[in-house]
Amino acid sequence: MTEPALSSANNALMQKLTGRQLFDKIGRPTRIVAPMVDQSELAWRILSRRYGATLAYTPMLHAKLFATSKKYREDNWSSLDGSSVDRPLVVQFCANDPEYLLAAAKLVEDKCDAVDLNLGCPQGIAKKGHYGSFLMEEWDLIHNLINTLHKNLKVPVTAKIRIFDDCEKSLNYAKMVLDAGAQFLTVHGRVREQKGQKTGLANWETIKYLRDNLPKETVFFANGNILYPEDISRCMEHIGADAVMSAEGNLYNPGVFNVGQTKNKEKIFPRVDKIIREYFQIVKECQESKASKTAMKSHFFKILRPFLPHHTDIRSTLATMNAKATWEEWEEQVVKPVEKVVQEIFEQPDIAIKDEITIGEKQSWGGSYRTVPYWRCQPYFRPVNGITGDKRVMQGLIDESVNKKRKADVPLESADKKKDVKA
């Protein structure tokens, strides 16, 4: 691959918006759909914006494949991605080669507001491919990746990182990323080892430490521990972040971003039948987006997670659906049956009582749990060491207390049952 032209690099730097300029230009978004592998695709971004999201990231895209494989691009990008209904938009890539990263980013720079480098993915595929959080020890390479985009793209470059156990090392890491040219910094408050059943609690205190000790002009996003809409404002206030990013919280309940609708359960805990129908219609309208239809089955399972154990016939049918199924088959075998069941539930004489959402006592982490009927979207409490539900928070606290003390002696803030999905 050839070196980028110097004149092109100079022009890009002259015209490029800095962090605060870009943040203002895209409307100062505060509620962000996280980059999620095979999950934050076009149709899901459109749905999330309808329910309060003000900025969205694409799924993590593999830079080398995107730059070199036409099929990969067609499977993951369409003419609708980055269109007027899909802005503001940040396109995220994983990479370990500056030239391939730049080549990939050049293909989308006219269809997005910024390009993000994934430095947070903790999954085995990232370890095997040598990208994401498995670059955390290679600061020279990370600096080169970011700086190459900073000097040669029309649009700004941003980055999403995880933290180290050591607060000072995390701070120096963040400073390096910013020095390389990142205009937005997203900090996921978990270390690389926190994934799956070891996800545990995101450390808001470490995120706050970074925010407090980085330049004030840094555009700073926090990621981790978002279960309900009020957690967003609580996170922003505690940390001083410009915005909050949600991954799994958004996947199981798009209403998590509806911060101005906290007394409207139809907005913050929407009925699964209505969300399924609305999302299905969006996917049909985005037929140019192969990624949207490919992701639909996975989204259905997440939206319907509390519902399916009560209606195993629908779960069995959904499990058999595949990419060859027609739109009519999806509607007749999945969408309509869900609608029928929920409609029957709402015809019950005591539905007003059954449909109540109760709020528990305030917890040590600052928020309260909700008891939500299974026919409404709601957070997913991922099991930890076989423990499910709210009890896993206490297990997380116990596990933390018996593990080695964090070098910076920073206490954990807030409790969470979600993990960052692949990004």
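Just so you know, glycine gets a Cβ as well, placed from its N, Cα and C.
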According to Swiss-Prot, which candidate in Lys64, Lys154, Lys160, Lys274 joins Pro35, Met36, Val37, Gln92, His188, Asn223, Gly224, Asn225, Ala247, Glu248 at the FMN site: Lys160
Local Cβ density at Asn225 (FMN binding site) - other Cβ atoms counted within 10 Å: 28
Using the alpha carbons only, what distance in Å do you get between Lys160 (FMN binding site) and Cys121 (active site, proton donor) once rounded? 9
